[in-house]
Amino acid sequence: MPVSLARNAGMLSVAVLCGGSSPEREVSLAGGKRVADALGRLGYNATVLDLNRESVGQLLAMAPDLVYNALHGVQGEDGCVSGLLDILGLACTHSHVAASSVGMDKVLTKHVLKSLGIDFPKFDVLTKEELLSAKEVLPYPFVIKPVRGGSTIGVHAIFSKSEYLDLSAHADTLEDRMIVEEYVSGQEVQTAVFLGRAIGTMELLFEGRIYSYDAKYVEGLCEHIFPANLPYDIYNLTLEWALKLHQCLGCKTLSRVDFRYDVANKALKLLEINTHPGMTVSSTLPEVLWLRCGLNFDHVVDLIVQDALGIDDSRRAYIDELMGKTVSREPSHV
């Protein structure tokens, strides 16, 4: 059985908040269950709560030592729940209000990137009505995304005028505000940031124009390559940019930063940051931590919990030594 870093894990209660009403509900439920199972193996007293109108009363009655925020999407990872938990006086995992809110908003994130000198795709912001009227925007191809959303839900890659006109058939997937950005062909890569360090970058191989919902969550539709097959300087740039954005936003404990590398033009573009990375069996951040640092899923969950509770100095020294030994080594082929 895994052993928690917490000396008193068996006395600590953790409420795992997941589900909710966002389009990413199923992903959140899957990740939340996996986290709760890990907490149980570690000896914590874990309870799963599906976010709804009764959740505030349930949390106040439980008075858990910690709330593990396993929510995704609007109202889950956009700072709403973090702010609510702050008001209730309950400690929680993951980034707090400001970092979560800005990180969830793709437009605000791009303005932060500009201030940091980090390259990103050209973009514009349109309303749903403007998109459905086929207003001329960027040159083809381009990608349409909800300003606030994840799991590639409501994302469309548009390569021609006819595809743009066909968007009306998918009107139900469009939000009131949508971001339109240039399509960057090339390698899709993701960088894991954990406990103040950029850990490593993974490459994703899949069929199609974009890293779709099915490619993310259906077994066998995406191949994970670690470390990413990038030029040495580009690989290191993913680490540098990911950590810089994580720190600038004030992210807590962990984040995942997504990139596209345009091989033909040797250009790296930062797409977005996820302050609440997935924890399903196909999620990349736990996999990178295993392949790069030897941290299994239970250990990762334990570290997230302990970082939220405040790791004591002796345990922090152990973690720093562990992470330092693994992260200081460059991947062999980059």
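Count begins at 1; order follows the chain as displayed.
Just so you know, glycine gets a Cβ as well, placed from its N, Cα and C.
Listed features, source Swiss-Prot:
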- 138-190: ATP binding site (BINDING)
- D258, E272: Mg(2+) 1 binding site (BINDING)
- E272, N274: Mg(2+) 2 binding site (BINDING)
- 110-306: domain 'ATP-grasp' (DOMAIN)
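Feature map: annotations from Swiss-Prot on the structure.
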residue	record	Cβ contacts under 8 Å, 6 or more apart
L138	ATP binding site	K122, F123, D124, V180, E181, E182
K145	ATP binding site	K106, G154, V155, M178, I179, E181
F159	ATP binding site	Y140, P141, Y183, R209
D166	ATP binding site	none
T173	ATP binding site	I153, G154, H156
Q187	ATP binding site	E203, A228, N229, L230, R260, Y261, V263
D258	Mg(2+) 1 binding site	E188, V189, Q190, T191, L270, L271, E272, I273, N274
Three-class DSSP secondary structure - F159 (ATP binding site): coil
Per DSSP, three-state class assigned to L138 (ATP binding site): coil
Cβ-Cβ neighbours of V180 (ATP binding site) (radius 10 Å): 21
Average pLDDT across the domain 'ATP-grasp' (110-306), rounded to a whole number: 91
